[in-house]
């Protein structure tokens, strides 16, 4: 999708976490095949949306540099204590110029090229508040992927209230709203790097 004065979907790259299992390193800036993970994701996410935001609480200048080719804007959490992806979602929903926000984590370099379209189709068909990706493996086991989701920005005030009340679990907040699950069979597309070991494994895939 191309940028427009009234975008319909805002893309949100979630890059604001602590990365405790990577010794606090900024995950989105770690290299895979010589390229920062965040840039891999931006290259896949941005063509699917009308505008792009990057949720980043550290290294804002570096993320702005990575996001420049996509006209991405940087947004930070409203609180400084790294409360988790819900806070990044809220920042993105507040900053979005579109009525829908499609989020993806910064450490998933293989995300599907049609993830936003499929989430949007399901959201629209079910008149849902949230559409969330779920992977299904060869044994039919389902694995929710809550940070791959499409959400209505009209939920921002409710999310702010939930955060103020101490909610930190993404799926728990989703459960308060009409959420549709969208199945994806390609597990590889959702592989991520929560640790140095997983980053090394990504490089071998």
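From the backbone N, Cα and C atoms, a Cβ is placed for every residue, glycine too.
Features of the protein shown, as given by Swiss-Prot:
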| type | residues | note |
| --- | --- | --- |
| BINDING | 14, 15, 16, 27, 77, 107 | GTP binding site |
| BINDING | 107 | Mg(2+) binding site |
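Taking the Cβ of residue 107 (GTP binding site) as reference, residues of its chain lying under 8 Å away and at least six apart in sequence are, in sequence order, 27, 28, 30, 37, 41, 192, 193, 194, 199. When secondary structure is read from DSSP and collapsed to three states, residue 107 (GTP binding site) falls in the coil class. Binding of GTP is attributed in the record to 14, 15, 16, 27, 77, 107, and the widest Cα separation among these residues amounts to 19 Å. Within 10 Å of the C-beta atom of residue 27 (GTP binding site) sit 24 other C-beta atoms, taking all shown protein chains into account. In the three-state DSSP assignment, the secondary structure recorded for residue 77 (GTP binding site) is coil.
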